[in-house]
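Student: Sending over a structure as structure tokens; questions will come in a sec.
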Amino acid sequence: MVGKMWPVLWTLCAVRVTVDAISVETPQDVLRASQGKSVTLPCTYHTSTSSREGLIQWDKLLLTHTERVVIWPFSNKNYIHGELYKNRVSISNNAEQSDASITIDQLTMADNGTYECSVSLMSDLEGNTKSRVRLLVLVPPSKPECGIEGETIIGNNIQLTCQSKEGSPTPQYSWKRYNILNQEQPLAQPASGQPVSLKNISTDTSGYYICTSSNEEGTQFCNITVAVRSPSMNVALYVGIAVGVVAALIIIGIIIYCCCCRGKDDNTEDKEDARPNREAYEEPPEQLRELSREREEEDDYRQEEQRSTGRESPDHLDQ
């Protein structure tokens, strides 16, 4: 009798586990949203328990580590944001009714990646508690930068490069070529993102090359003018540069020499100004002799006047 009951007991246990086991799902594998906009990452959970003691957690999965997006406890409903998601992430208003979705605002290219939704309930720890969704932020290509690698001299090999620093999905690149008469010319297309290789170039290689960078969000362009020259022109260019450098050095030398001479003249003038000006207070000998005679005459006059005064004094007393 007991042996016959074992299958029934196992069935009841299996049913109980199935009923209590939590199930977390993300209905979409990939979501697309434009840069600067908002996106809702959907996530739902199913459980037979009515208790909501636990939390909802979202993380971004990186190659080397996990980056926290947000933790939302059922008990106090207080957000615990990751550093890069403060004031940008909010949980669904129906979080307690099986909706664990989040909304991310102000999307940037850095938000590209895979996100994991996790629901943990203390009363239902069995089952599938996690699910993932990939977010692709759509960004139009930035204006590409065009460049030439190598010297545009007849017989050389050169490469034309084109690269947008931003763009999601990754921009696709294409090239067009026009001669100096603005007529489109054939051009072998490289693999997208690879440079255009031009080998053994000649004057026929000269012209305008236009690169187009595009994805589903937009298109941008850049262009290069290729002017192929002969080696003799290259030598003339170097000679011209050398002459210019020598001339500049000569001019600089002249300026330095003039400044030094001017400095010496200024020092000489300062020294002369510092010497006492003897002419200002030395009188010529003739003037000194004249002054001496005038002083002698003045002294004689005073002595004579004193003698005269002495003779007249008795008469004045008698009167």
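Every residue gets a Cβ built from N, Cα and C, even glycine.
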Student: According to Swiss-Prot, which candidate among CYS117, CYS211 shares a disulfide with CYS162?
Tutor: CYS211
Student: Under Swiss-Prot's annotation, the disulfide partner of CYS43 is which of CYS13, CYS117?
Tutor: CYS117
Student: Check Swiss-Prot and name the cysteine among CYS146, CYS261 that pairs with CYS222 in a disulfide.
Tutor: CYS146
Student: Are any of CYS43, ASN112, CYS146, CYS222, ASN223 (the recorded positions) within 10 Å of CYS211 (disulfide bond) when you go C-alpha to C-alpha, and if so which?
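Tutor: If one measures from the Cα of CYS211 (disulfide bond), the recorded positions that come within 10 Å are CYS146, CYS222, ASN223.
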Student: Look up ASN112 (N-linked glycosylation site) in the DSSP assignment and reduce it to helix, strand or coil.
Tutor: coil
Student: Within 10 Å of the Cβ of CYS162 (disulfide bond), how many other Cβ atoms can you find? Include all protein chains, please.
Tutor: 26
Student: Just checking, which of ASN200, ASN223 (glycosylation sites) has the fewest C-beta atoms within 10 Å of its C-beta?
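Tutor: Comparing Cβ neighbour counts within 10 Å for the glycosylation sites ASN200, ASN223 gives ASN200.
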Student: If we check Cα distances from CYS43 (disulfide bond), which of the recorded positions ASN112, CYS146, CYS222, ASN223 wins as closest?
Tutor: ASN112
